[in-house]
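Peer 1: Here it is, the structure, as structure tokens.
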Amino acid sequence: MRENTKNRPTGEEKKRRTKPYPIVAIGASAGGLEAVVELLSHLPSRTGMAYIYIQHLDPTHESKMVPILSKVTKMKVLEAKHLMRVEPDQVVVIPPNKDMTIVDSVVTLNPRPAKPAIHMPIDKLFASLADKHREGAIGIILSGSASDGTFGLKAIKTAGGLTFAQDQTAKFQSMPRSAIAEGVVDMVLSPKEIAEELARISSKADIFQAAMQESEDEVTAGMNEDMGPILQQVKKNTGVDFTHYKVNTIRRRIIRRMLLFKLDTL
């Protein structure tokens, strides 16, 4: 029997996967499936990013997201399993009646809490992603009702990750509008434009990985012979003192701004 080679990584891709890779978490509720179909249909199949899609689901019904999404992307689409590892160029979707978190690229599934507990599965996933993956986390809120995802996007943005929300094209705008109003969204775009932006970011893999691989350095920027004089001048001109920040903290934030403002060099 011939071995199925679909989605088998090439030698170059295997090499790439040994490096840190961004994880893109996409959250949605009502109207979200249509939006994520549009996003995935415009997304290249080889970005080097891992994708997780979490949508509010009826806990009593079988999900049909895997076959639906498999029709619009060449990436492998899988329903999440407990303790599975998310991989680049794959889409993992949440199963019904479960809550999901992710730590070090490994999924944990737990039973959905019984009513009347407030259920915020998107916040829970996003917050876990922010906690460990930090600059390697990308959060996206698509169409949906209420405010699930706002707290999670805030956690990702605070950790140095990138955040997106669907624009006025969302059928149900409560979820994206809540995040936008909270000031935790870097870019407000249509699903197609979000896909294009993810493709652009993936083409800057060296810049992204530089942020993810920066270690926690105890040296403050004011003590750094290259950065110190620059920050003293910034303090003199603006009154803002960055000299007590850690060197690598400043480097990571500079890299984040480079990605957002589409800069290749300083």
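One is the number of the first residue shown, and numbering goes on along the chain from there.
Placement of Cβ uses the backbone N, Cα and C atoms for every residue, glycine included.
Since this is a predicted model, take the numbers as computed values, not measurements.
Relevant sequence annotations retrieved from TrEMBL are reproduced here:
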type: ACT_SITE; residues: SER29; note: active site
type: ACT_SITE; residues: HIS56; note: active site
type: ACT_SITE; residues: ASP148; note: active site
type: DOMAIN; residues: 20-205; note: domain 'CheB-type methylesterase'
type: TRANSMEM; residues: 21-40; note: transmembrane segment
Peer 1: So which of the active-site residues is most packed in, judged by how many other Cβ atoms lie within 10 Å of its Cβ, out of SER29, HIS56, ASP148?
Peer 2: ASP148
Peer 1: If you average per-residue pLDDT over the domain 'CheB-type methylesterase' (20-205), what number do you get?
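Peer 2: Looking only at the domain 'CheB-type methylesterase' (20-205), pLDDT averages out to 94.
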Peer 1: Just to verify a number: CA distance, SER29 (active site) to HIS56 (active site), in angstrom, no decimals.
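Peer 2: Counting only the Cα atoms, the answer is 5 Å.
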Peer 1: What is the interatomic distance between the Cα atoms of ASP148 (active site) and HIS56 (active site), given in whole Å?
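Peer 2: On Cα coordinates alone, these residues lie 10 Å apart.
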